[in-house]
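Participant: Dumping what TrEMBL says about this protein:
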SIGNAL    1-19  signal peptide
DOMAIN    5-324  domain 'FAD dependent oxidoreductase'
BINDING   43, 44, 166  FAD binding site
BINDING   223, 278  D-dopa binding site
């Protein structure tokens, strides 16, 4: 069988990192990334890029932890390399604070991040509205930088990038042996997934270089995440809201909530509003499927539905998707050699 041709649909963090993992695990492949949007116009470009997992109720905890650990290990190595600045990956310390002590004082990921511990009473004095807190160090990706870094690495390895709107996976069957669906919220229409729904996220990107530590309210709704060039202030979680237009009321609410956690933000400059649609479902869809029409078959791998937690697990799920692509290629080679007998 000639070099297998693989198409990856979607150029957000999931699509690009899946293409990268396929390149690493299936070196004989020809890979093309197809998307109607590339950075800086993807949902991933809006994301804060903080590695703090969001619990996914439909996925076993040990699986989520494995995905997170693999992602953390991968990005930690980048943060300790000469690539760190270009990739936009850096360590950041901070606090997660709660108005009431949570049921789970030790989240499942506490031994993956660095230096996880309960906050001292002295530290909590900075947050008079909050009774309990956790201090730790984690990683942050400045998303547009990271996506461009991934694109550059893929292109250097011979991966093709093609701007194209894919309306139906089946339209790719004549040109590609395996199709990988990393379409994010686009999978709602692309494969008719009714279990997938948007959670609208609005964030502010501000210039406040004095803010060095992240602060996250335990409910996950209010957060301050310092990046290399901008601080991300959030946020909103609006289920089933498809609007990409900024809401001025939400902008004021986000700013006020963040200022109540960090009053110095009142002096922030250059406030930019960004909106993205997080692709949410009960669990990430990470599986093989064989599409069939008139006796012709198309091998498909799905990797989408990461909700608000895509950056925290992107490398782990990409590695698993690449393993499934390897299984598809093995099945194709097996049927090809049987056909010759």
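If you go along the chain as it appears here, the first residue is 1 and each next one adds 1.
Each residue, glycine too, has its Cβ placed from N, Cα and C.
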Participant: Starting from the Cα of residue 278 (D-dopa binding site), work out which of the binding-site residues (43, 44, 166) are within 10 Å.
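Facilitator: For residue 278 (D-dopa binding site), the binding-site residues whose Cα atoms are within 10 Å come to 43, 44.
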Participant: For the C-alpha pair, I'd like the distance in angstrom between residue 43 (FAD binding site) and residue 223 (D-dopa binding site), rounded off.
Facilitator: 18
Participant: If you average per-residue pLDDT over the domain 'FAD dependent oxidoreductase' (5-324), what number do you get?
Facilitator: 95
Participant: At 10 angstroms around each C-beta, which of the binding-site residues 43, 44 has the fewest other C-beta atoms nearby?
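Facilitator: Taking 43, 44 as the binding-site residues, the minimal 10 Å Cβ count falls on 43.
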Participant: Between residue 44 (FAD binding site) and residue 223 (D-dopa binding site), what is the CA-CA distance rounded to a whole number of Å?
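Facilitator: Cα of residue 44 (FAD binding site) to Cα of residue 223 (D-dopa binding site) measures 17 Å after rounding.
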Participant: Would you mind pulling the longest C-alpha to C-alpha span across 43, 44, 166, which the record has binding FAD, in angstrom?
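Facilitator: With 43, 44, 166 as the binding residues for FAD, the largest Cα distance is 19 Å.
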Participant: How far is it from residue 166 (FAD binding site) to residue 223 (D-dopa binding site), counting Cα to Cα, in Å?
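Facilitator: Rounded to a whole number, the Cα-Cα distance is 35 Å.
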